[in-house]
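Can you read through this structure? Questions will come right after.
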Amino acid sequence: MTSDFPVLDPSWTAQEEMALLEAVMDCGFGNWQDVANQMCTKTKEECEKHYMKHFI
């Protein structure tokens with residue numbers, strides 16, 4: 001089963017959504033540079049903006 005389809009935002013895949021949530025759990029809320037480093041596909045600004053828009 002593939003997870004490269006968008007869920008909440010057309011520029012984020014389902015796999016990236018899950019990776020973002022896992023990275024925030026691992027790195028802690030607000031540690032956006034660490035979250036982005038773990039994600040590898042998004043910047044810290046993209047991670048923060050997406051999380052705040054869709055998960056807060």
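Including glycine, each Cβ sits where the backbone N, Cα and C put it.
Heads up, TrEMBL stuff is auto-annotated, nobody curated it.
On a predicted model such as this, the values are computed, not experimentally measured, just so you know.
From TrEMBL, for reference:
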DOMAIN    7-56  domain 'SANT'
DOMAIN    11-55  domain 'Myb-like'
DOMAIN    11-56  domain 'HTH myb-type'
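Describe the structural context of these features.
As a summary of secondary structure, the domain 'SANT' (7-56) carries 34 helix, 1 strand, 15 coil according to DSSP.
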With Cβ-Cβ distances below 8 Å as the criterion, list the same-chain residues six or more beyond the ends of the domain 'Myb-like' (11-55) that contact it, or say none.
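Residues 3-5.
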